[in-house]
Amino acid sequence: MQKLQIFVYIYLFMLTVAGPVDLNENSEQKENVEKKGLCNACLWRQNNKSSRLEAIKIQILSKLRLETAPNISKDAIRQLLPKAPPLRELIDQYDVQRDDSSDGSLEDDDYHVTTETVITMPTESDFLAEVQEKPKCCFFKFSSKIQHNKVIKAQLWIYLRPVKTPTTVFVQILRLIKPMKDGTRYTGIRSLKLDMNPGTGIWQSIDVKTVLQNWLKQPESNLGIEIKALDENGHDLAVTFPEPGEEGLNPFLEVKVTDTPKRARRDFGLDCDEHSTESRCCRYPLTVDFEAFGWDWIIAPKRYKANYCSGECEFLFLQKYPHTHLVHQANPKGSAGPCCTPTKMSPINMLYFNGKEQIIYGKIPGMVVDRCGCS
């Protein structure tokens, strides 16, 4: 009986020291810990997002071989930008892609052939400079995108000035060749006849795929072309060297090429949104807005989905990376551990002005995070 009384006294003493157990207090402490963890994760993601944006600026300038962003005003862009239908369609295409809120399938369609449009503007030619009577236009240099892919379409676009009365226009495209013994410096490419009504000028396209393919096979034969568009009175209506008020009406080439696929499938990574509570390495959405940067020199896209990686790389989830796991096991204090980083990236196509106020179309590699992982 005395032993039982002693146990009761001890039990009551322990309750007095420990105090009452408040279940609500324990729940609040647990909730505070969870909230603190979520806040830390949000802060970590925000830092990763800011770092990604700054890295994108540096990467674009570096990959375009630009020391600084070209300083071109919006007014200058309006004057220099070609006002032709295919370029407008290309810009509209970027707008459609931008407005599409869906991120597409998680599976890359690298198996199917993709078609790309390349807009090539005329440049200076040493041969044209040597010709005594300066021809009316045009020399085109071709990027590696055109040289190393299959050309499926090539259109020369020219702008015809408006006429005051109905007239028939005879359009002639001539290819420059090295002077022959009889003095001939041209050979015909295409000719066509079209009727024009009074009013605004028109854009006219001419198929030059065969000529372009010959130039690609024999680059030394590419000496330039001459463009003529004579009305019934012998007036040339073709804009070859734009006069004041004709900005953006230069001739140009629209070339469509097929890009050969390299892979068919890829494995998957985690995709999250900004409200996700996922702690593991994950891909998060990030939209880059070039207008917010003040980068008006980028014609298209004005914004694009770049994405970024954030999250923890716990060794519990590293069955896929046995080498990293073994290194950590051998020297846990000396190894920094894996980081959440892009494991697959894809390019973006871009229309932009370079430092010489020339319009360039190019593909910039490694600008979109497609997948994140621990490595």
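Positions of Cβ are set from backbone N, Cα and C atoms, glycine also.
Copied from Swiss-Prot, the annotated features are:
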- Cys272-Cys282: disulfide bond (DISULFID)
- Cys281-Cys340: disulfide bond (DISULFID)
- Cys309-Cys372: disulfide bond (DISULFID)
- Cys313-Cys374: disulfide bond (DISULFID)
- Asn48: N-linked glycosylation site (CARBOHYD)
- Asn71: N-linked glycosylation site (CARBOHYD)
- 1-18: signal peptide (SIGNAL)
Of the disulfide-bonded residues Cys282, Cys309, Cys313, Cys340, Cys374, the one whose Cα sits nearest to the Cα of Asn48 (N-linked glycosylation site) is Cys309
If you measure from the Cα of Cys374 (disulfide bond), which of the recorded positions Asn71, Cys281, Cys309 is the nearest? Cys281
Measuring Cα to Cα, how far is Cys309 (disulfide bond) from Cys340 (disulfide bond) in Å? 6
Select the closest residue to Cys272 (disulfide bond) from the following recorded positions, measuring between CA atoms: Asn71, Cys281, Cys313. Cys281
Cβ-Cβ under 8 Å from Cys282 (disulfide bond), same chain, 6 or more residues apart: which ones? Gly269, Leu270, Asp271, Cys272, Ser276, Cys309, Ser310, Gly311, Cys340, Cys372
Smallest number of other CB atoms within 10 Å: among the disulfide-bonded residues Cys272, Cys309, that is Cys272
Taking the Cβ of Cys281 (disulfide bond) as centre, how many other Cβ atoms lie within 10 Å? 24
Fewest C-beta neighbours within 10 angstroms among the disulfide-bonded residues Cys313, Cys340, Cys372, Cys374 belongs to Cys313
Provide, as an integer number of angstrom, the distance between the C-alpha atoms of Asn71 (N-linked glycosylation site) and Cys281 (disulfide bond). 39
Cys281 (disulfide bond) to Cys313 (disulfide bond) - Cα separation in whole Å: 6
For Asn48 (N-linked glycosylation site), what is the secondary structure state per DSSP, taken as helix, strand or coil? helix
